[in-house]
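The feature N-myristoyl glycine is assigned by Swiss-Prot to 2, with similarity to another entry given as support. Annotation comment: Swiss-Prot describes 3 as S-palmitoyl cysteine. Summarising the annotation, Swiss-Prot assigns domain 'G-alpha' to 32-353. Under the heading region 'G1 motif', Swiss-Prot lists 35-48, citing sequence analysis as support. The GTP binding site annotation in Swiss-Prot covers 43, 44, 45, 46, 47, 48, 150, 175, 181, 203, 269, 270, 272, 325, and the record cites similarity to another entry as its basis. According to Swiss-Prot, the feature Mg(2+) binding site maps to 47, 181, an assignment based on similarity to another entry. The region 'G2 motif' annotation in Swiss-Prot covers 173-181. Sequence annotations record features per position, and here Swiss-Prot assigns region 'G3 motif' to 196-205 based on sequence analysis. Swiss-Prot lists 265-272 with the feature region 'G4 motif', giving sequence analysis as the kind of evidence. The annotation region 'G5 motif' is assigned in Swiss-Prot to 323-328 on the grounds of sequence analysis.
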């Protein structure tokens, strides 16, 4: 009897030890699992950041993946030229070269969605000729007055390469492609010992009510702002300045009861376009209290202060980074800095800092 009881006790202890070991392993895994929300207004660059995470952590795109982006890239390019041509009519800007009129008709007669693995040479030649037209260039110079994708110039400049029968999109081609995000997407990647789950939600106003599902147990928020859009209007409401919308959204997220102590990492994105735009579109025209002229340092400091000053909580830290989401090496450096921030946040939450 005694020996039998002893055997049962040993088996029970072994099971308990196994359960304890598994619980310890689960706690350790949970500690190393980081949930982050990727937030920001529409077209701020969130999807591009997610593509960069794939490039940085999983390597370059496969040939099959590149092939799958061709229709998106072709459609983005054609849609952008259609937007330009429509804007020319609305703004009463004529083509400088009348012989380009039939080429404009070719583009306007196309479906907005190109369902082909090869860009027709006639379409590519039409876009190439139109992009060289002084009237089209004049309209492009007024792109803040209508809704044009940031990638338009890049794709127009690359149109002959894209029309080659052997064309396969480069990483940069893929990074600049645009598909509206709807619903919630989840991206997994690892930096050092930490396993990240990064949730991207639709940035357009109609998508925001869906964010609530991502809120629980979030370690930190990455909030993206396209600082180059200080002179542009919303896609959904052309009476609202995009930067003002971003400020309003940041205020609501930063001071939400869901995020009282949640650290926010602010990515001030599209600095390349911002630098190009400052000398030709005075920021003071849109923010009357700005007095720094076209100086990049003054303008960027002003925008940082506008966002950071909205924070009403002493318990919350806001970390800022200036980014160009299409620059892989820069995003790799910034994400390394983000990882350091997350480690500090983890240590703080565990009472070790």
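Cβ from N, Cα, C; glycine included.
Here the features listed in Swiss-Prot are painted onto the structure.
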residue	record	contacts (Cβ under 8 Å, 6+ apart)
45	GTP binding site	224, 226, 267, 269, 270, 323, 325
47	GTP binding site	178, 179, 181, 200
150	GTP binding site	43, 176, 228, 270, 273
272	GTP binding site	228, 324, 326, 327
Chain residues outside the region 'G5 motif' (323-328) and at least six past its termini with a C-beta under 8 angstroms from it: 45, 48-49, 52, 55-56, 171-172, 175-176, 224, 267-272, 334
The one of 181, 269 whose CB sees the fewest other CB atoms within 10 Å, among these binding-site residues: 181
C-beta crowding around residue 43 (GTP binding site), within 10 angstroms: 24
Local backbone state of residue 272 (GTP binding site), from DSSP in three classes: helix
